[in-house]
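Copied over from TrEMBL:
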BINDING   HIS180, HIS241, HIS313, HIS526  Fe cation binding site
Amino acid sequence: MVSRFEHPAGSYKKIFETCEELSEPLPTTVTGRIPSFLKGSLLRLGPGLFEVGDEPFYHLFDGQAIMHKFDFKNGQVTYFRKYIRTDAYVRAITEKRVVITEFGTCAYPDPCKNIFSRFFSYFKGVEVTDNCLVNVYPVGEDFYAVTETNYITKVNTETLETLKKVDMCDYVNINGVTAHPHIEKDGTVYNIGNCMGKGASLAYNIVKIPPTQKDKSDPIERSKVVVQFPSAERFKPSYVHSFGMSENYFVFVETPVKINLLKFLSAWSIRGSNYMDCFESNETQGTLFHIAKKDPGEYINMKFKGAAIGLFHHINTYEDQGYIVFDLCSWKGFEFVYNYLWLANLRANWDEVKKAAMIAPQPEVRRYVIPLDIHKEEQGKNLISLPYTTATATMHSDGTIWLEPEVLFSGPRQAFEFPQIHYKMCGGKNYTYAYALGLNHFIPDRICKLNVRTKETWVWQEPDSYPSEPLFVQNPEGVDEDDGVLLTIVAAPGSQRPAYMLILNAKDLSEVARAEVDCNIPVTFHGMYKP
């Protein structure tokens, strides 16, 4: 699983360069054979515009959103991409400057406005970014491009045109929602976000959006909060990027990485500051694990605690014999990993990139187990008796249950990230395989597969090739969990054709086919295969 390659040529810098959108789909050069069951589109999102006029964006999550699409038709593949016409993008292009503050780039207010109008424009929620560069997912019969704010953007996945901006605050009490919802077989969407409750108390809400309505009304209008998790600190919610969902439970991991709301509200309106300035770590908190029943939604008031970790992606969550098992792509310690994702760091020379990663939090795939049936008298002994895991849960005298994980994969500065599973078959259920993008000192340079039961690993890797999150597509005739293919976009800046869509056999990561394009493709974060 560990990367075999060094990258002294630094060609990874190319994945952080601005690209033009296309006016029409480009043909690709296919080698190998495209499986006949691939008949839809691979949709991917990421940043495409890394500067406006002479103003640069500074952080990996600041570049303006562009949607990429590979279409499969009769063994042929075409490639298309288009910028999403968000307010952030349209205003930046029109005014040739950064108009809306992004994650790590501050927009300086129009000098013509006085301080009061700037101050109040924040409270109207005008200047929160809608730059939806992180993911795309279906709601009912529609598709939305998303980031982590309250705005989601409806897109036409055929033409990649932007249809409308939707403010989730119009429907539910939420300050923002994650880019990682869970979607059930019937199309029900669950997501999580933090919110301000009565008396300015802070909480995290699970929001449920129902599937397509019989009367064809918009499911988003019927969104509702189904359960609420409490916040450990009154004015400081933890940063939340994803959550776990099994058949009957939600799992929310409250990490020590905090958003200082007071700083957020004051910094915003008065001095040049951005989202990154509002993060801090609570070095004493550790990690809190929360669970809730799904239907009907009910918070289970038990205190589960563990050592400090950073967390972006849950891999999978399931129930087994009275336990909830959940696997995480964790980063050890309380420091915020995004501190290492400034574009200047990622575009540095290889020796500098390595030096920075040496002091960053270390990645580790971890399995945690929560016992559902707890008796107070079992203090001091391990409450977990599942035969196949070394994860433990121990009751302390104050009633807290301390969780120690089982490590499923660990390699120094080698992350197993952007995880994917055979979601249709195994989402919320016991499973065997996870797929991921391998980060080598934060540079994406391989595709990995992990057997979570045996810890066996497989790797696909080529020199000077920088892939993205692998999406699993099942072979409709397959029966095994890993009967299918992985789709990923690879940047190979030194090659004759500098990017390609790669199809790997999910069983052994051998190459099935590739479709090469005559243009660079920058970094992408998440996406979906639309049959």
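Note: Cβ is positioned from N, Cα and C throughout, glycine not excepted.
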**Study point:** Chain-mates of HIS180, HIS241, HIS313, HIS526 with C-beta within 8 Å of site centroid, Fe cation
**Key:** VAL134, ASN135, THR178, ALA179, SER242, PHE312, HIS314, PHE418
Review point. How many other Cβ atoms are found within 10 Å of the Cβ atom of HIS526 (Fe cation binding site), counting all protein chains shown?
Key: 22
Exercise for review: Just jot down the residues in the same chain as HIS180 (Fe cation binding site), at least 6 apart in sequence, with C-beta under 8 A of its C-beta; none if empty.
Suggested key: ASN135, ASN191, HIS241, SER242, PHE243, HIS313, HIS314, HIS526
Point to revise | Cβ neighbours of HIS313 (Fe cation binding site) where a neighbour is any other Cβ within 10 Å | key: 19
Review point. With every protein chain in view, how many other Cβ atoms are within 10 Å of the Cβ of HIS241 (Fe cation binding site)?
Key: 20
